[in-house]
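So the structure is just underneath, and the comments pick up after that.
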Amino acid sequence: MQLNNEVALVTGGGSGLGRAIVDRFVAEGARVAVLDKSAARLQELQAAHGAKVLGIEGDVRVLADHQKAARECVAAFGKIDCLIPNAGIWDYSMPLVDIPDDRIDAAFDEVFHINVKGYLLAVKACLPALVQSRGSVVFTISNAGFYPNGGGPLYTGAKHAVVGMVRELAYELAPHVRVNGVAPGGMSTDLRGPASLGMANQAISSVPLGEMLTSVLPVGRMPVRAEYTGAYVFFATRGDTFPTTGALLNHDGGMGVRGFFEATGGKDLPQKLRLS
């Protein structure tokens, strides 16, 4: 187990990618505190993992809730080795022209307060514990932090902001805390949209992402949640990633190497190599 006796705090760990990260960290030997807005999901986590998981109900837009999570994590587990700011919402790729004039202020505030401010507040609250443990932060970014059309201007702008946050905090917190980011691609989860745009009850799983991504990803299919979690384990380990801070891992199925005319360039490799 790569994370034996380590302690992590994950925001938005009650569902989706966050839940998969929690499950993987526990399997790797870690104890995990989870800050999530859903009491029901936290109860499910604790039922699944028992004393290895501590659930804290709260809002990632509120510093006091992050401080409570950090405080309760340290009280229960003695330390924080790794912080994973992960809670987020998606704007369902709504173009600027389609955002209603009377909702754009609220939509901007909602997306940026959850997807950017929520990350910054998490680091602020956990920083003393992370410095004490000489720990690390692993941000969840997105392919939208690097390429267009992974969201609308609200989501894409927010994820680009997180890229800048990784780099700045990697500088500011060195040499005491390592800061890195994982930019996963699409996956079918319960990721919701902004309430200000009437999308609070809409889940990304309602979009046929699997069909859409299979033809455009060089890896040939849409990854499932669990397949993204190894990158978080890698960045959280102390021995293998001691030299690594300020790193941004494009963990998206190869979006950056798609060809202009075809997503993949090696479909006929087995034939050329006479393997079939």
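Every residue gets a Cβ built from N, Cα and C, even glycine.
Now, the feature entries from Swiss-Prot:
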{"type": "BINDING", "residues": "9-33", "note": "NAD(+) binding site"}
{"type": "BINDING", "residues": "Ser142", "note": "substrate binding site"}
{"type": "ACT_SITE", "residues": "Tyr155", "note": "active site, proton acceptor"}
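Taking each Cβ in turn and tallying the other Cβ atoms within 10 Å, the top scorer among the recorded positions Phe25, Tyr155 is Phe25. Sequence-distant neighbours of Ala33 (NAD(+) binding site) (same chain, 6+ apart, CB under 8 A from its CB) are Val7, Ala8, Leu9, Val10, Val53, Leu54, Gly55, Ile56, Ala69, Glu72, Cys73, Ala76, Phe77, Ile80. Listed in sequence order, the residues of the same chain lying 6 or more apart from Ile21 (NAD(+) binding site) and placing their CB within less than 8 Å of its CB are Val10, Gly13, Ile84, Asn86, Thr229, Tyr232. When the binding-site residues Leu17, Phe25, Gly29 are compared by Cα distance to Tyr155 (active site, proton acceptor), the shortest distance belongs to Leu17. Candidate binding-site residues: Leu9, Leu17. Fewest other C-beta atoms within 10 angstroms, Leu17. With every protein chain in view, the residue among the binding-site residues Gly13, Gly29 whose Cβ has the most Cβ partners within 10 Å turns out to be Gly13.
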